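**Q** What follows is a structure written as structure tokens; I'll ask about it next.
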Amino acid sequence: MEICASNKLLLEGIAKYGSKNSWDKIAIMIPGRNRKQCREHFINKFNNIRHRPWTSEEDNEILTRRKEFGNRWTQIATFLDGRSPNDVKNRFFGEA
């Protein structure tokens, strides 16, 4: 599988700077992309995110944790293996 040029630059930036609080530096390496776009693309494409149907157990976990944490999707996502905070938020609001 061939990786496109922007994905290659993204992965090189992550290898060089890491994926924690380095998105400004990484975005500079990729023309036309800002830090948020780089982070979201990495999380959704390369960060072991599950691309399978949601289970009823996951739905119940989201409902339970939202009562506990409110709209803190990053915290809620820590209870759902392989699901990004954005995936969890979209699932809650019926967009997934």
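Cβ coordinates come from backbone N, Cα and C, glycine included.
Automated prediction, rather than curation, is the source of TrEMBL annotations.
Pulled the feature table from TrEMBL, pasting it below:
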- 7-42: domain 'Myb-like' (DOMAIN)
- 8-50: domain 'SANT' (DOMAIN)
- 9-47: domain 'HTH myb-type' (DOMAIN)
- 46-92: domain 'Myb-like' (DOMAIN)
- 48-96: domain 'HTH myb-type' (DOMAIN)
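Walk me through the surroundings of each of these features.
**A** Residues 86 of the same chain, all 6+ positions outside the domain 'Myb-like' (7-42), place their C-beta atoms under 8 angstroms from a C-beta of that stretch.
Summarising model confidence by region, the domain 'SANT' (8-50) averages a pLDDT of 86.
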